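Contents: one structure, followed by commentary.
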Amino acid sequence: MAKNEVLSLPVDSLKLSQTALDRLKLSGISRLEDFNTFNLKELQMLLSDSFNEVLPTLIYYKLPRDVRDLSLSDEVVSVLETAGIKDLEALTKYDKSTLYHVFKDDEFLLKEINDLFELYHEEKLSTLNVATEVFEEVALPQEVSVEDRVNKIIQPIRKTYGSKAFTHFKVRLASPDEIRNWSYGEVINHETINYRTSKPEPGGLFDERIFGPTRDYQCACGKKQTVNKGQICPKCGIEITESKVRRERMGHINLEAPVVHTWYLKNSPSRLAILLGIKAKQLEEVVYHASYIVTDPGQNTPLAKKQILSEQDYSLLVEEYGSRFTALTGAEAVKKLLQDLDLDKEVKNLRKRLKTSSKQKRDRIIKRLDVVEAFNQSDNKPEWMVMDVIPVIPPDLRPMVPLDGGRFATTDLNDLYRRILNRNNRLKKQKEQMAPRLITKNEKRMLQEAVDALFDNAKRGKKAAVERNRHLKSLSDLLRGKQGRFRQNLLGKRVDYSGRSVIIVGPDLEMYQCGIPREMAITLFKPFILRELQLTHGAEKKNANAKYERRDDDTWRALEKVVREHPVLLNRAPTLHRLGIQAFEVKLIDGKAIRLHPLVTPAFNADFDGDQMAVHLPLSPEAQAEARLLMLASNNILNPRDGKPVVTPSQDMVLGNYYLTIEESKDRNFGDDLERTKKHQEKHRHEGKFFSSIDEVKIAYENKDISLHTRIIIKPESVKDTFTVEQKNMYLVTTLGKIIFNEILPETFPYVNEPTMSNLSEKTPDIYFIKKGVNPKDALKHIPTPEPFKKRFLSMVIAQVFKLFHISETSRMLDKLKDLGFKYSTVAGITISYADINVYSKKKEMVEATEEEINEIEEWFEDGLLTDSERRKLVIDKWTNVKNEIQSGIMKEFDKDNNIFMMSDSGARGNVSNFTQLVGMRGLMSNPKGETIEVPVQSSFREGLTVSEFFISTHGARKGSTDTALKTAESGYLTRRLVDVSQDVIIVEDDCGSSHGVYVEAIKDESGKEIVPLYDRIYGRFAAHDIISPKTGEVFVKRNELITEEIGLAIVKSGMQKVEIRSIMTCTSSHGICAKDYGINLATNQFVEVGEAIGVVAAQSIGEPGTQLTMRTFHTGGVAAGADITQGLPRIQELFEARNPKGKATISEVEGKVKDISRRGGSISITITDTQGTEYKYTLDPNIEALVKKGQDVVAGQKLSSGSINPKELLRVTDVKTASNYILEEVQKVYRAQGVEISDKHVEVIIRQMLRRIMVIIEGDTNILPGTEVSIDEFKRENKEVLKNRGRLAVGRPILLGITRASLRSDSFLSAASFQETTRILTDAAIRSKKDELHGLKENVIIGGLIPAGTGILQEKFFHYDQPEDKKPIYDDFE
């Protein structure tokens, strides 16, 4: 077999152990040629102990081929390439003496080559007991297609070292020499493109000699010269190479006068001003040539170093002292001062002053010390903040595009560079012509402004503009904001292989399918179709293309084949949570709309009124495997937010199942309507009839002997086998509808006869059974007719099936439930018409009675017995009461056979409020200010509104639309901040070993009503200690064991009020959280796996229901009239941003007793005595209510007045647990008030991120400065180092940061810069030479690496992944 043929064969053919083969496949090496995609070091690291086993293969086939992949130094590679040795095969042909000559006897370089020869020694082929022919001589069977071979080795878990080429990302200041090294030449004039020839001007901003040719391998002289690749044309001086180098080659501009980098001067706080110890305003005056600064005060002068002189003072001093002193202006002065700085001396001096200074001076010294230390500890020099040379970015990143009519459209950067070049060249001329100092000074100022505009044109001061109102986009503007490089191009990219169309319902689809239009699929799957045509029809590339374009039968057949087993991703914007993108298998359909399974719509929040969805195609086998295993719609049944099913039937499906499970009694009373009674009795004439099998019942139904709702009696075992022994000896009373409903449930599921939880979880209630020998007619009178199955109950059924039978069975059941719903809503023939709506009979008299009462109230007001506000309140109360009375009356009057009532009662559509407005009265309306209008809308929609009623109704409609729009934007921004703060929280280990936990109890509101029950807070969490029953002493669950549903219910039943559970707040894992502290993964109901990105899930779970929250700030009546209580979205923002709340409550700072409560001038004064007898006084506002009484015991952090507590204050007077618990409870109260359930763990993740930093109070012997904020990890690290050396430890206190501030204080500068305040963060990172360790998700997305979550976490250095010898590899079982 020829070697080039062998290289395309799979590694399965190698004589290797199973472990070695598994390692190769996990690394992405499926064929021999794949070795060439790795370098030698990577292979050694990937294969670890299996490397020696694979080595003979590498030696025999000379792999990896390229000398660059042999892990040799750049110097060795360049010598080899110069000698024409470009691959391993060529290298091994040389003997050592020749190589000694090539390397000119350089010992160091020869040692590297010698080591390589030692490794690739031919003798190893025999010593390692491997046949010289490494492959077994087995040709692969011809019929096995490439696709089958690829599918066989799909790796669901893969260690892809190749995609993450670096371990960290560092940023620092560039020195002038480095800028010149980057450059390929100096730009000397402002010319761009010659308008006549359309070619770049020499020496200009697009010069081909500097930046490379504009056309591949073509210099300015003309012809394409691929032969002379890499050479420089002797005529025009242009290198003959690819044109893409114009995207990477930089130039430079040598400045005639130094300029200060504006980021370090104008960004607040000004780093230059702090470093030099000068006020920022004064420094700016010096830089812009308005003042002078003394750099050398000289002998016998009244001047001091760094003294600022005005132009006038400077002139007078020069006259008096001549050249005895030196004062400079502009960037030269700043550069001189920076060069004169002795950083070590400054640090010692400042540290000495720090110990003796007052509080105010200390703050200033710490600020300065921080900047000085940053420079001292990094490899930056302060004078590099002043630039003598500026880089010119590659021309293809600032293109000029020709327009019609000979004009050019250009990027703003070119204008900014041109300004600099113009001013620089003008200054050069002025210097040559010895121009007066005033003129050159002005030119230098203008040059400084031009460079400022290039680096950051959005800062204060003069902005360089094209027209009057549009300022030019500078380099900083390219990075910042939504349209900047970070957010537009790095964190979110547009992708190929995608389509979009309108969605329509596909009731015939399976849960895991979606309908894709053929026309769309044939374009999406084009490369796969072409490959299929080439494989099956042996078509050449050209012919396959022609076939594809003709759209002949072979093409359509190929399409049918490639879409099989190839999932696609469907996405609906806005993607508020991870269920907004799901995978489906393709079912090809005609038409142009995408068909969507009706049950998955709630997850996407989609409906079929014109919504559009995008389709994306996963290309690689790994992506397809991931889509199929993790993202398939039939696997995503539970909502990660609360663990409840997200796929609930809606509308028609609910209505159909409701109709199907209605149970009617023959004796139903219709009052005076004899005709209806007669029809009803005829319909159910065979009520109580005995049947021996389901088939018999169905025949009776076909023969119209019974209806779906008629009560029948049947042998239990003929229906299902899940009845108890006693029940099997009796007869079951049920209906055909319920028998049909139960047929879709799993075999071993209880027979559902009534909509109760006990029926689902235990057994069919005994009340529906008749003993043998009892008269059925009599027995039926005592058996109740249960309610039909409503939407809420259907959700309970789904949850119970999921719990008992898991995903596949549940998705099958859901499909059947959908089909049943559609079928029977059709059979039911439920329609609605005008005749179904009858105005409420008692409405007229109720309204008239209310009007009389209101007239009476008006009279009292005119007699002066009431104030206007009291009158208004009474009137509003009267109308509210009458509306409520009408509402309850309507529900009683509605006939349960009424179609509209059935729609509402089943939960399919509509609610009580809609009915009241349809047939009762619309009631009171609000005006645009949000105040209630006294005059109600008395009409209902059935009667029709008057003109004035219609007008006052429009206020609310308009306000509703506006609120929704505002709310959506606010909610989206909240989600973005939450994701940003928590994106790097990942499950990193199974157990951190923490021995601490948190006590949880039911969350109650002020009135004591339970908002979040104890069960919800403990289910799915791990016990921190053994949980023992207080009554019986029975151990419910041991430490570190999971609290399951049964255990949770038993704990609640035992009457325990508090339970200690493992919590995210007490987790000690660094860079993430451990699985034990997190609990179960709510989306799967399984133990959470290492690598799960729980931070993002938490942020989405909190942000997604954000749009359901209200935007209002309620104004409360009564005692606390002055306090606005914020609710809804603003309250959530207030809590997560840790802001001072509106209507803040006063809290006690100490534990003690209330000594006295007194009123003075309207305000209340509370005196508290602590345990030592010290008194503390608190004054409350006049209209705020005191919540404590005289003599009452209080604890630190207890509310003394009504309102919301400031969490920062609470943290100050109590501890982390109390403050975090307060935020958690308050967040839960807001969401639960809107009926949204969110698991505690999601809120805990966010709160943990808000409490990740410590304020250092005493620095001890650490390097941390007092008064600075550091992360807990850094604080521990520093203290650990000090402990080793037996030094004094640092002391700090925890601080609570709002989510925005916490994101900006992230340890990763890439993550923080891509969030907000980009330039400030990059400025700070540069002067500190910050290193980003790339631990979070965002940083890795930005650099284009694998994210450290899911399978990507396997490559992280703190994980070890070994596959046991004896186990079969994962992918062998994979189908």
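Every residue gets a Cβ built from N, Cα and C, even glycine.
Features reported for this protein in Swiss-Prot:
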- 1-158: region 'Unknown' (REGION)
- 159-1353: region 'DNA-directed RNA polymerase subunit beta'' (REGION)
- C219, C221, C233, C236: Zn(2+) binding site (BINDING)
- D607, D609, D611: Mg(2+) binding site (BINDING)
Around the Cβ of C233 (Zn(2+) binding site), the count of other Cβ atoms that are within 10 Å: 18
Neighbouring C-beta atoms (10 Å sphere around the C-beta of C219 (Zn(2+) binding site)): 25
Long-range Cβ environment of D611 (Mg(2+) binding site), under 8 Å and at least 6 residues apart: V502, I503, R572
Proximal residue to D609 (Mg(2+) binding site) among binding-site residues C219, C221, C233, C236 (C-alpha distance): C219
Where C236 (Zn(2+) binding site) falls in three-state DSSP terms: coil
Residues that sit under 8 angstroms from C236 (Zn(2+) binding site) by C-beta distance, when 6+ apart in the chain: E208, R209, C219, A220, C221
Spatial neighbours, same chain, of D607 (Mg(2+) binding site) - Cβ under 8 Å, 6+ residues apart: T601
C219, C221, C233, C236 excluded, remaining Cβ within 8 Å of their centroid (Zn(2+)): A220, G222, P234, K235, G237, I238, I240
Cβ within 8 Å of the mean position of the Cβ atoms of D607, D609, D611: remaining residues of the chain near Mg(2+): I503, A606, F608, G610
PLDDT averaged over every residue in the region 'DNA-directed RNA polymerase subunit beta'' (159-1353): 88
For the binding-site residues C221, D609, the one whose C-beta sees the most other C-beta atoms within 10 angstroms: C221
